[in-house]
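Below is one structure, written out as structure tokens; comments come after it.
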Amino acid sequence: MTEKQDLSAQFANIGSATVSDALDKLAIPGQLPDTIKPLTHYKTPTVGPAYTVRYVPASDPPGTTGDFIDDVAAGDVVVIDNDGRTDCTVWGDIMTQYAGLRGIAATVIHGACRDVDRALSDGYPVFSAGRYMRTGKDRVQVAETGGVVAVGGVRVDHGDIVVADGDGVVVVPRGRARDVLDVARAIEKSEQAIRDMIVDGLTSLAEARARLNYHSLQRRRERTTTATTATTTTTTTTSEEEKMEDRA
């Protein structure tokens, strides 16, 4: 098992909501726009490393569209940035069928898909900003694969960990994956303890949350930098904007 496969496997049973809370705690931007929705309610999270694809308007003559799929590894999640365009599609039934045959985990599209009946009948997870019948051929083309894309202002690097389910899609920067995983597991442990306490009638919800310091698990950490001189020590707190940009 490769490193990226191992990281993905550790997120396999953690839902996007918990991962989102962990990202918030660490002040890491990773929640993709709420316009990107699942075709249906998927009962379990789909997790895998991102295979990034960036589309641009077609040139004359137009370039290729879906040939990149031959290079996507089994277990990867295809993340397509078509700049949010929903007036033409970048994913259809042949792509869905081929992706399923190759063991690709899912497709996330900042744009539109079509032929949704195939995805639904095959059980292949697709998350997109829309569905529309018009082809993207001669309208858009692939500009780059394996690079950096921006999905609704969220940076996605090739190999980042994607977690997608019925609540939406989050992306965990690969370099921060273990930090996010630790926080997500702590949140899950606390939430299970709260459930146990209220089911057993031991306490009210408010008291259970207070006992376990639950709200602090979702509150952003305050990152500080300390500069020391010969006579004084000054502590400064990073701005909210800086924290949101901290993905390294």
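Glycine is treated like the rest: Cβ placed from N, Cα and C.
Small disclaimer: the values here were computed from a predicted structure and weren't measured.
Taken from TrEMBL, the feature substrate binding site applies to Gly92, Asp93, Ile94, Met95, Arg114. Look at TrEMBL and you will find Asp115 tagged as Mg(2+) binding site. The compositional bias 'Low complexity' annotation in TrEMBL covers 225-238. Taken from TrEMBL, the feature region 'Disordered' covers 217-248.
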Expressed in Å to no decimal places, the gap between the Cα atoms of Asp93 (substrate binding site) and Asp115 (Mg(2+) binding site) is 5
The correct three-state DSSP answer for Met95 (substrate binding site) is helix
Going by C-beta under 8 A and a gap of 6 or more residues, the same-chain neighbours of Asp115 (Mg(2+) binding site) are Gly92, Asp93, Thr96
Residues lining the substrate site besides Gly92, Asp93, Ile94, Met95, Arg114 (CB within 8 A of their CB center) are Thr89, Trp91, Thr96, Gln97, Cys113, Asp115, Arg118
The largest Cα to Cα distance in Å among the residues Gly92, Asp93, Ile94, Met95, Arg114, listed in the record as binding substrate, is 10
Most Cβ neighbours within 10 Å, among the binding-site residues Ile94, Met95, goes to Met95
Filtered by Cβ under 8 Å and at least 6 apart in sequence, the residues in the chain of Arg114 (substrate binding site) near it are Thr89, Trp91, Gly92, Asp93, Arg131, Tyr132, Met133, Arg134, Thr135
